[in-house]
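Engineer: So TrEMBL lists the following for this protein:
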TRANSMEM  A:12-30  transmembrane segment
TRANSMEM  A:37-60  transmembrane segment
TRANSMEM  A:66-87  transmembrane segment
TRANSMEM  A:94-115  transmembrane segment
TRANSMEM  A:121-140  transmembrane segment
TRANSMEM  A:147-169  transmembrane segment
TRANSMEM  A:189-218  transmembrane segment
TRANSMEM  A:225-244  transmembrane segment
TRANSMEM  A:309-329  transmembrane segment
TRANSMEM  A:341-363  transmembrane segment
TRANSMEM  A:375-398  transmembrane segment
Amino acid sequence: MDSKVEATYNRALSAMALVGFISFLLLSIYRKPLSPVPFYGAVTFLSIVFIGYFFTGWIFPSSDKFLFILAGFLVELGLIMLCRINIELFKRQVAFFALGVGFFILSSILTRYFVRLELNPVYLWGITTALLLLPLLFGVEKGGARNWLAFGGFTFQPSELAKITFVFYLAGVVKQNKINHFPRLAAEILAAVGLLVLSRDLGGAMLFYLTALAVIFAATSRLDVTAAGLFAAGIMGVLSYNLFDHVRVRIEAWLNPWQDVPGRGYQIAQSLFAIAEGGYFGTGLGLGRPDFIPAVATDFIFSAFTEEFGFLGAAAVILMYFLLVYRGIRIALRLKDSYPALIALGHTVMFGMQIFTIIGGVIKLIPVTGVTLPFMSYGGSSMVMSFTSLGILNGLWLQAREGETDGETA
Amino acid sequence: MYELLAQILKFLLIGLIYYFLYNFLKLMVLDLSEEKNTSGDTGYYLRSDDGREYPLRPVTTIGRAGDSDIVINDPYLSSKHAMIFKKGRRMVIQDLKSTNGTFLNGKRIKRAVALREKDVITMGGRNFTFLRREARGLESGSDL
Amino acid sequence: MEKLHRNIKLIFAVFCGLFLCLLGYLTYFQVYERQKLIESSYNRRLWEQEESITRGTVYDIKGRVLAATVEENGVKRRVYPQGPAFGPLLGYSSRKLGRAGLEEVLNGELLGISQQDPMLVLRQKVLGVSKGNDVYLTIDSDLQKKAYELFRGRRGALVALDPNTGAVLAMVSSPGYNPGLAEQQWEALSKDEASPLLNRAIQGLYPPGSSFKIVTLAAALEGIPDIEKKTYETPGYVKVNGRVIRDYEGMEPGNYDVKKAFRHSSNSVFVKIGLELGKERLFAKAQEFGFNSRIPFELPVTVSRFPGFSLMSDDVELAEDSIGQGRLLATPLQMALVTSTVANGGKMVQPYIVHKAVTPLGYVKNFQKTGFTKQVIDGVTANKIREYMVDVVENGTGTPAKIQGIPVAGKTGSAENPHGKPHAWFVGFAPAHDPKIAVAVVVENAGSGGRNAGPIARDIILQYLKGLR
């Protein structure tokens with residue numbers, strides 16, 4: 001590792017530690033009586049970050065630290081907001097983070113050594129649809145979408161795992177740079193998307209669909225298919241606007257939230273009020289009113305963050321997510337074979353679209369769809385699966401580096 | 001009291017967040033500049049017996065033909081004689097089925113072979129030494 | 001492989017675009033939408049803030065309290081010590097009724113939430129200040145109350161401006177109401193036929209009648225060569241396409257030049273002049289004076305209307321336009337601006353009513369005017385009109401506004417309308433050669449302008465000039 005790069009990482013890590021200590025110390029004196037929980041939480045969190053950082057560095061010296069530190073910082077910002085909103089959620093989120101780091105390391109190793117064992121895409125498709133079908137049959141409803149499974153006191157969102165299997169499936173199907181059975185491919189993708197629509201997870205359906213389009217386009221260079229796909233998406237959008245009541249409500253709330261602020265426009269209006277309140281520098285940690293925002297720990301955490309950290313904080317977060325996407329793309333470009341490159345691309349697109357969808361939604365650039373903001377939103381499934389995706393990217397990166405260093409023969 | 005503290009510290013926090021971001025943007029710029037370096041120049045070159053130097057690009061073809069990257073007017077060379085290309089961090093030489101063959105340190109090569117510094121490549125009647133320029137670009141960049 | 005890389009780069013470019021959209025929209029939101037949302041009445045933060053913040057005080061130019069919040073036994077109450085003269089102008093701020101008038105427009109300022117400077121906010125937070133900004137108006141409350149009394153409950157409005165700066169010295173709408181009692185009297189106030197809640201000075205549209213002849217005169221002096229040497233013979237009426245337009249009673253038939261016609265406010269002569277000018281030139285001049293466009297002002301001003309070109313346009317309409325009748329409608333503020341433009345040598349200045357705002361820590365925010373000024377008529381023409389207007393008050397229809405020792409320039413108007421007796425108008429300024437105040441007065445259905453509106457203008461001018469000495 002280059003010393004100059006290492007030094008940059010170390011500086012970023014110290015900035016991260018400082019932000020953590022300042023914020024969590026502040027939050028320790030936020031509530032009366034004084035509570036040391038946020039501080040302990042911060043120590044635990046930072047320990048996990050450093051352990052994860054050094055452990056991955058130790059087993060894989062050329063591991064992509066960029067991704068890990070960046071994601072860690074976003075988790076930290078999310079934790080700061082969660083700690084301020086609800087201390088119980090905060091404690092659990094720290095545990096989810098630890099689990100996530102574990103999965104990051106695990107999936108790095110698995111990807112590094114086993115990505116070459118290309119599973120038959122048919123099986124992957126089977127797993128994906130099964131995962132999406134399960135909640136429809138046995139699931140419980142949360143926040144309007146029926147995409148949760150409950151085991152005892154513990155709930156799990158299978159669609160988060162399905163994102164990963166779906167990307168592997170896509171890469172497997174189109175890696176030969178051509179589509180053999182286009183009708184079959186279209187039917188398979190639409191079946192997965194359709195299951196999401198049935199469980200009323202429209203944001204998820206959109207993510208799966210657009211990721212599929214992007215991967216197909218990258219592999220085949222077929223502009224006509226992509227354009228037709230986008231056109232079909234438009235038609236489906238119009239259809240669902242006319243068919244489903246909950247879609248219409250969301251779109252109308254987006255077009256004119258001020259018409260019915262106490263009713264349909266409530267969520268988005270509260271989100272916008274919070275963002276407006278922030279100004280450039282924010283109200284200051286603990287001085288905003290996240291209690292006015294509905295679903296603030298999950299979907300609308302970005303609004304609460306913007307209120308207290310301001311436009312400048314929000315812009316920084318958007319740029320960090322952009323860097324994450326950039327890094328994912330860079331990994332995809334480094335990979336020499338099309339299969340791993342498409343996997344890296346698929347995960348990156350899934351991430352990028354999800355980030356764009358939710359941030360665009362809460363600032364009223366596009367209609368709100370109930371997806372979480374990776375790394376920042378509260379939620380075990382989202383946290384663990386985001387880190388798993390990240391681990392897959394890291395594993396692919398390791399593989400790319402491997403190909404470069406032992407290229408004795410060609 | 002808390003309010004006052006939070007009000008003051010918010011500027012510090014924003015500052016730190018941007019310091020963090022600045023470091024990562026710097027890394028991105030480093031990435032991109034490395035990309036640029038590698039796409040144009042590899043930092044390696046061949047020195048011929050007569051002292052002439054030929055810089056190597058990511059893919060360099062050598063031969064008699066006018067469209068080769070390095071054109072050498074020697075009757076013992078084939079029109080497309082050999083190719084040197086970048087694979088990962090290494091430079092690799094491959095013979096392009098030339099009539100008289102390509103020799104690396106005196107041994108005729110059959111497959112693509114990775115080059116090491118100061119290797120001597122012999123094509124036709126000429127010797128070339130594979131050398132690395134004292135440049136910073138590759139050293140710092142490629143390890144990212 | 002190459003293609004795959006190219007495609008991945010393309011997809012990355014799409015992401016660059018998407019993330020730029022996010023940043024761009026957030027910036028747009030920050031710059032353009034933010035203030036509106038902060039002050040939105042749906043915003044729960046605002047309600048909470050109002051509970052904890054003491055609303056700022058509104059003062060007049062001399063520091064007399066116009067509206068203030070007092071706390072009695074922990075209950076906050078807004079009081080308006082100056083009474084009904086200020087009702088339509090100040091408006092009210094009540095949890096039950098919402099907000100109106102300046103209380104609405106200046107809400108952000110009075111609550112101290114429109115601050116842009118974060119350091120200032122910080123300092124206030126540090127010192128534990130929970131008071132909004134105080135706002136100083138350009139209004140002189142003595143003048144305002146005096147003017148309100150002069151209406152004696154009749155319907156009408158008065159606007160007094162400083163013609164050099166555009167500062168509003170008084171803005172009266174009669175009948176008024178006491179904003180402090182708005183909640184109790186709401187039922188009666190909202191049903192009252194005299195609409196006391198309406199600010200007639202900026203929202204009332206009246207035919208300006210002969211006071212509009214200033215605009216016609218300006219267009220004629222600039223547009224008809226040698227107009228001052230021309231004479232017009234009139235039998236006391238004029239016939240346009242079969243429509244008869246009469247001069248006022250008591251005007252003798254005969255030969256009139258422009259000055260004499262202006263002095264006696266001859267309709268027949270001005271109709272002839274208007275026809276000679278043509279629609280285009282009169283229309284253009286009226287537009288330059290601000291008709292058909294929104295006057296930039298802190299409070300929302302209704303647009304004064306000069307009828308445009310249409311299939312219906314004919315000479316009858318043009319004839320009515322030139323004497324300020326027909327479909328031509330103006331707000332009192334518009335007519336005050338016309339007058340002050342003449343007073344100011346032809347240069348129109350933007351009217352304003354907020355002098356400054358002072359934060360609780362004493363930081364003064366001056367409301368620098370955008371410097372909206374435009375030369376509507378040239379200086380020479382303006383001076384001629386000034387002399388004509390002095391002549392009106394000295395020898396013509398405006399004699400009731402005459403003040404001993406101070407030359408007053410003025411123009412009367414008696415605007416025909418379908419609701420009864422003509423609306424009485426008087427517009428003018430004084431001292432004529434060094435104007436300190438420009439006034440527009442309208443009294444609804446009072447009859448002749450000179451006799452009914454003139455004395456109000458005279459008393460206001462006199463009181464103001466006395467105060468300056």
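Cβ coordinates come from backbone N, Cα and C, glycine included.
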Engineer: May I ask for the residues of the chain that lie six or more residues beyond the transmembrane segment (A:147-169) and have a Cβ under 8 Å from a Cβ within it?
Structural biologist: 119, 121, 124-125, 127-128, 131-132, 134-135, 138-141, 188, 192, 196, 199-201, 204, 207-208, 211-212, 215, 343, 346-347, 350, 379-382, 384-385, 388-389, 392
Engineer: Near the transmembrane segment (A:375-398), which residues from the same chain, at least 6 beyond its ends, have a CB less than 8 A from one of its CBs?
Structural biologist: 56, 60, 62-64, 67-68, 71, 74-75, 77-78, 81-82, 89, 92-93, 96-97, 99-101, 103-112, 115, 156-157, 160-161, 163-164, 297-299, 301-302, 305, 317, 327-328, 331, 334-335, 340, 343-344, 347-348, 350-351, 358
Engineer: Does the transmembrane segment (A:189-218) reach the transmembrane segment (A:37-60), going by 3 or more CB pairs under 8 Å (6 or more apart in sequence)?
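Structural biologist: Output no: the transmembrane segment (A:189-218) is apart from the transmembrane segment (A:37-60).
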Engineer: What stretch of A:37-60, A:66-87, A:94-115, A:309-329 shows the most Cβ pairs under 8 Å to the transmembrane segment (A:12-30)?
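Structural biologist: Comparing A:37-60, A:66-87, A:94-115, A:309-329 against the transmembrane segment (A:12-30), the winner is A:37-60.
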Engineer: Please work out which recorded stretch in A:37-60, A:66-87, A:94-115 has the most C-beta pairs separated by under 8 angstroms from the transmembrane segment (A:309-329)?
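Structural biologist: Between the candidates A:37-60, A:66-87, A:94-115, the best contact partner of the transmembrane segment (A:309-329) is A:66-87.
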Engineer: Mind checking which residues of the chain, 6+ beyond the ends of the transmembrane segment (A:37-60), have their Cβ under 8 Å from one of its Cβ atoms?
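Structural biologist: Residues packing against the transmembrane segment (A:37-60) from afar: 13, 16-17, 20-21, 23-25, 27-28, 30, 68-69, 72, 75-76, 79, 83, 87, 90-91, 94, 97-98, 101, 104-105, 108-109, 112, 394, 398.
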